[in-house]
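Enquirer: Take this structure first; my questions come after.
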Amino acid sequence: MIEGVMKEGFITTSYDSVVNWAKTGSLWPMTFGLACCAVEMMHAAAARYDIGRFGSEVFRASPRQSDLMIVAGTLCNKMAPAMRKVYDQMSEPRWVISMGSCANGGGYYHYSYSVVRGCDRIVPVDVYVPGCPPTAEALIYGIIQLQQKIRRTHTIARV
């Protein structure tokens with residue numbers, strides 16, 4: 001992040017680096033727990049793993065207060081429009097983590113008539129966390145991967 005430090009105590013860096021650093025340390029997730037993966041998501045937020053160390057301290061109930069949606073579980077056809085509506089209500093910039101094989105591709109219920117075969121058919125997904133259910137460590141690794149992806153984005157358009 002820091003390109004140079006002068007003797008007087010000044011730090012020189014780019015605006016993009018500062019803004020992206022701030023974004024990575026203040027992810028406000030909104031839980032979209034649909035099945036058993038949500039239990040592992042709660043486990044990741046508990047005292048043992050404490051995702052607050054990575055800037056995801058408080059799970060928000062309102063989409064207007066969150067910038068990260070964690071989709072955890074099986075998405076059915078009737079729930080898909082509601083999920084899209086919640087995603088559209090989130091403020092920009094917004095990110096999505098697909099957690100578990102059911103959210104990634106339908107999981108065990110892939111061939112069911114009522115299951116969406118991956119939440120990426122409804123909302124754009126930034127990070128996929130595999131597993132059935134994925135462990136809390138896997139979710140934390142997914143959050144770290146998302147933070148690295150955010151650091152690589154450009155806030156200001158280059159001409």
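Cβ atoms are placed via backbone N, Cα and C, with glycine included.
Swiss-Prot feature annotations, pasted as is:
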BINDING   Cys36, Cys37, Cys102, Cys132  [4Fe-4S] cluster binding site
Enquirer: With an 8 Å cut-off on Cβ-Cβ distance and a minimum sequence separation of at least 6, pull the same-chain contacts of Cys37 ([4Fe-4S] cluster binding site), or say none.
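Expert: Once residues fewer than 6 apart are set aside, Cys37 ([4Fe-4S] cluster binding site) is near Ala72, Gly73, Met99, Gly100, Cys102, Ala103, Pro133, Pro134.
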Enquirer: Pick out which of the binding-site residues Cys36, Cys102, Cys132 has the most other Cβ atoms within 10 Å of its own Cβ.
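Expert: Within the set of binding-site residues, the most crowded position is Cys102.
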Enquirer: Beyond Cys36, Cys37, Cys102, Cys132, what residues of that chain have CB atoms within 8 A of the centre of the [4Fe-4S] cluster site's CB atoms?
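Expert: Close Cβ neighbours, site residues excluded: Ala35, Glu40, Ala72, Gly73, Thr74, Met99, Gly100, Ser101, Ala103, Gly107, Gly131, Pro133, Pro134.
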